[in-house]
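**Q** Here's a structure for you.
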Amino acid sequence: MSRQVVRSSKFRHVFGQPAKADQCYEDVRVSQTTWDSGFCAVNPKFVALICEASGGGAFLVLPLGKTGRVDKNVPMVCGHTAPVLDIAWCPHNDNVIASGSEDCTVMVWEIPDGGLTLPLREPVVTLEGHTKRVGIVVWHPTAQNVLLSAGCDNVILVWDVGTGAAVLTLGTDVHPDTIYSVDWSRDGALICTSCRDKRVRVIEPRKGTIVAEKDRPHEGTRPVRAVFVSDGKILTTGFSRMSERQVALWDMKHLEEPLSLQELDMSSGVLLPFFDPDTNIVYLCGKGDSSIRYFEITSEAPFLHYLSMFSSKESQRGMGYMPKRGLEVNKCEIARFYKLHERRCEPIAMTVPRKSDLFQEDLYPPTAGPDAALTAEEWLGGRDAGPLLISLKDGYVPPKSRELRVNRGLDTSRRRTAPEASGTPSSDALSRLEEEMRKLQAKVQELQKRLERLEDTVQAK
């Protein structure tokens, strides 16, 4: 009689632990928009949620520790004129967030430490170039101030946020139909896209060339998602011809057949993949699901190993994923999700059970830090570099706030000058206010003189 050998893995017993009620964000009106994005973005300082808003698009930004019931009059970021579809925190500045909207624009915002005290209406920079709604915004993982946006005009634009200019364009000759997902490689040299034409493409964005392409990675007609994983592999989620949800792993150099293809269930929600390069675990979260599945990727067959599944009673409207430097290493937390309910945001910690309270080096190899490895000019000039790594052994200490510098010569009309976000006006803003006051006083004096002349005329008559 043969005995089945269980594969050894330190992540076999990873379990999900939802936060207690007082550690959740209650009474938030999550967006009802039917768009397949996470609707939530998280970093070690803030959690941002796309919310329902009358008369335009808005999203809510809260300091991570400000849990509990959210005041209905809490100030929001509300500069868009149509619903917001996607948001993304800058990996190199925890106070900077980008948003894409149905109003065809991308806006970049700077959030003051401690959160907003007044509604924020003026972005640092507005990026205009798309002709239809913008549904995807993704920051470059290693280059400073490089942002990618994809719109329903089937165009991908790469922006230098420091100048407010679109520096690269991938037009409709590359993607003839709606773009479903875009993901940067770990060093930012390539992007991986999935499209409505049922093709997954690997593209060198600076040259505009397609490095690899796979037609129909999944036979179904529903949207496909694709992300880079370790060692030049790509993971895709999609649907079979019988509408079964699938996850597949591909070798970028040999896309004829998948390394692994697994069928999951018959649910209809699109699976959003989140990959952790430090542990080689991929988490699959479906919109409308009440579960999070996780798999481990290895370099030997069968390559994709199912680990476990976290289940809860309520379905999720969206999902945010915390970067590794925002986790609690003393609790052996290897991932944290922010699950959006209809009126609530609930943190879920993924933990490896360990008896010791000491730092577990095997769980926390050096991870991507907050410093950029390249400038935008260096990356555009052809240089590539992996992320600058930091150790989490002594815990992560966030750096001081960094100001996002924008070249005003190119973007004077869109530069944020309003004091409303931080409560402390800049010297430029004060000088402009003083100039406007002087002009108003001059107009008042001129009106008073006219009134005196009119009174003299009336008395003479």
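Cβ coordinates come from backbone N, Cα and C, glycine included.
Unlike curated records, TrEMBL annotations are generated automatically.
As annotated by TrEMBL, coiled coil applies to 430-457. The compositional bias 'Basic and acidic residues' annotation in TrEMBL covers 403-418. Marked as domain 'DUF1899' by TrEMBL: 4-68. Feature annotation from TrEMBL assigns region 'Disordered' to 403-430. Per TrEMBL, the feature repeat 'WD' maps to 77-111, 127-169.
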**Q** Restricting to the domain 'DUF1899' (4-68), what is the model's mean pLDDT?
**A** 87
**Q** Could you give the number of helix, strand and coil residues in the domain 'DUF1899' (4-68) as assigned by DSSP?
**A** 3 helix, 24 strand, 38 coil
**Q** For the repeat 'WD' (77-111), what does DSSP give as the number of helix, strand and coil residues?
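**A** Result for the repeat 'WD' (77-111), in helix, strand, coil order: 0 helix, 22 strand, 13 coil.
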